[in-house]
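Asks: What TrEMBL lists as active site, proton acceptor is Glu166. The ATP binding site feature in TrEMBL is assigned to Gly203, Ala204, Ser205, Thr206, Gln207. The transmembrane segment feature in TrEMBL is assigned to 12-36, 485-505.
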Amino acid sequence: MKERNPWHTPLTIFIAVVVRFSFLCLNEINLFFVLFCCPQYGIVLDAGSSHTAMYIYEWPAEKDNNTGRVEQTHSCKVKGPGISSYASDPKKAGQSLQVCMKEAERFVPSERHEETPLYLGATAGMRLLNIENSTASDQVFQAVSESLQKSPFSFQGARILSGQEEGAFGWVTVNYLDDRLKQVCAVDMDCSGVTTGALDLGGASTQISFVSDAFDGSESPNNSVNFRLYGNDYNLYTHSFLCYGKDQVLRMALAHQTKSGPGSISDPCFHNGYSESKNYMTLYNSPCVSKRKPVSSPADFTHVGKGNFYQCQELVKSVFDFTQCKYTQCSFNGVYQPTLQGPFGAFSAYYFVMNFLNLTDTSVPLQSVKEALARYCSTPWETVRTLPHPGIKLKYLAEYCFSGTYILTLLTEGYNFTSETFSKIRFIKQVSSDAGWTLGYMLNLTNMIPAEAPDTPLLPHAGYVSHVCFLFVFYLFGSLASPQTCLLLCFHGNLVPLAIIFHSMT
Ligand SMILES: Nc1ccn([C@@H]2O[C@H](COP(=O)(O)OP(=O)(O)O)[C@@H](O)[C@H]2O)c(=O)n1
Ligand SMILES: [Ca+2]
């Protein structure tokens, strides 16, 4: 006679079914929470030389975040100038951030405030202030830190980013947004060719960062940053040129024209008919030009425009030093630069200026771009001034001819882009999130990009939805067949799709 299995009692079967069902329920709930519930947040303040901007990022609760991307959900432009402009009244720098911080309190759910990290990174404006007057720079940081500590978020500190960090995090952002980092490469295969270079133009500094086969860091270790992201090694070339942001270069170009201390200059980079009185003290009040201040000059000079792109290009070239290079090849000012490689994303002022000038289409030949800019520069100031340009201040309107000329000169003469490689540049503002260093900075500080590639990604949202639909149809047909089948399916039917989920999670 067949012996009876002692475990097959009604009680043990009941307990087994309850335990199994509980596990399945927990798993479903966990999956639901990971995918839909309780997103996490991070806030980064970009304290640039011209202004401060706040960015709020959001991502699914799962720490490794293999289910989805970090997305920018809100941004806020701080009213007033950059924090470095408050050197004589640091408290105001802190106060200026308050409106955006209040906005952040509304955009991040209150139950998440305490655990939301808040970072402030300052760039070239504060780098310059720190060179000029480190006490004032410390006081500004003190004031902004005190102000941010008052917010309900988890304030993680305010600091100056090095130029290298600014360049490298800009590169991480661009490649994260382009989905270039997650590509799984075969062993020994070089995946570096598939990344996008980053070109960032600020008001006080400019950064160039890219991966090149010709660069291993040995020739110029200061320009080398190594990353291991998602299992791939990257040896990044990056350089930040302090004083080569467009606002400081404008000062340098003006300083070049006013070195003898004249009462008036005729500037090819400004439109014909433009005429403004400017102050010598204000112009030379920056470490980028202060040493060149003329010994004797009147208090003011008249800045007159003559609108000539080609002469402007010659003038802009004078801010670069091409005479020295101790390496095999250089960009300018004796800075090593390997051969350009890959597509490039150009953002911040590159985008704002080229977008204003309607010159973001790089499939247009470089020569035609120059001709279009030459036509714009020769447009009389009266015409430019009276055309409708909603929201653009006259001061900025007057500078686009100069800024466009600087951008083309920097790219072609400075970085050696040719008519062919120019077409590989994309002028970008946003790819779901704004292009800039802030996203890369936060991804790094929150350890959001793992060094090693995750085995298999969790079920994405679409996967979860199809899983739920599958179960629904499964139960519906089961119920139609018979109540017994329904019961059976309720306990056992979802083992099939759950097995698939388990498989994808482990
Ligand atoms: N809508 C806008 C916003 C900024 N900008 C310019 O973009 C640059 C941004 O520089 P930034 O404040 O980030 O300065 P850095 O600290 O990065 O050098 C400034 O020159 C602004 O004038 C612009 O041209 N149009
Ligand atoms: Ca910037």
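The backbone N, Cα and C atoms fix where each Cβ goes, glycine too.
Remember, TrEMBL labels are computer predictions, not curated facts.
Computed from a predicted structure; not experimentally measured.
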Asks: Between the Cα atoms of Gln207 (ATP binding site) and the residue listed as 'active site, proton acceptor', what distance do you get, rounded to the nearest Å?
Replies: 7
Asks: Inside 8 A of the center formed by the CB atoms of Gly203, Ala204, Ser205, Thr206, Gln207, which other residues of the chain have their CB, for the recorded ATP site?
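Replies: My list of surrounding residues reads Ser49, Thr123, Ala124, Asp200, Leu201, Gly202, Ser240, Phe241, Leu242, Tyr244, Gly245, Lys246, Gln248.
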Asks: What recorded positions among Glu166, Gly203, Ala204, Ser205, Thr206, Gln207 have a C-beta sitting less than 6 Å from any atom of ligand 1?
Replies: Gly203, Ala204, Ser205
Asks: Output the one of Ser205, Thr206, Gln207 that, of all these binding-site residues, has the highest number of other Cβ atoms within 10 Å of its Cβ.
Replies: Thr206
Asks: Ranking the recorded positions Glu166, Gly203, Ala204 by other Cβ atoms within 10 Å, which is at the bottom?
Replies: Gly203
Asks: Of the binding-site residues Gly203, Ala204, Thr206, which one has its Cα closest to the Cα of Glu166 (active site, proton acceptor)?
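Replies: With Cα distances computed to Glu166 (active site, proton acceptor), the winner among Gly203, Ala204, Thr206 is Thr206.
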Asks: Which secondary structure state does DSSP assign to Glu166 (active site, proton acceptor), in the simple three-class scheme?
Replies: helix
Asks: Should Gly203 (ATP binding site) be counted as helix, strand, or coil on the basis of DSSP?
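Replies: Where Gly203 (ATP binding site) sits, the three-state DSSP reduction gives coil.
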